[in-house]
């Protein structure tokens, strides 16, 4: 979260599940619900979660001192447990959705994290 704050990141793209074949592959770094979590001196609160058939969009409010920002996570949720998707159709739809969503944003925001 410090990197997200320091680089003024507004969008996170996640392509994997947190667990694959029973092994942890990615830390669950975001809150499970609207209860805030604290990472160092940064507070993270999920403000919305839209679960779609192939991806989930989460919005977070992150606070550092008296400053607050909004961060969005695009989580592609149908990547198979092992290997690659059988077709690229849903992944291409996901990429197009993400691009449409973030293309109109202000140019003064930081890099998207994948």
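Glycine too: its Cβ is placed from the backbone N, Cα and C atoms.
If you look up Swiss-Prot, you'll see 1-114 marked as domain 'Tyrosine-protein phosphatase', on the strength of sequence analysis. Look at Swiss-Prot and you will find 81 tagged as substrate binding site, backed by similarity to another entry.
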Open item on the list: Averaging the per-residue pLDDT over the domain 'Tyrosine-protein phosphatase' (1-114), what integer do you get?
Closed with: 92
Task: Secondary structure content of the domain 'Tyrosine-protein phosphatase' (1-114), with strand meaning DSSP E or B - done: 20 helix, 42 strand, 52 coil
Open item on the list: Let me check the 10 A CB neighbour count of the residue listed as 'substrate binding site'. How many other CB atoms are there?
Closed with: 11
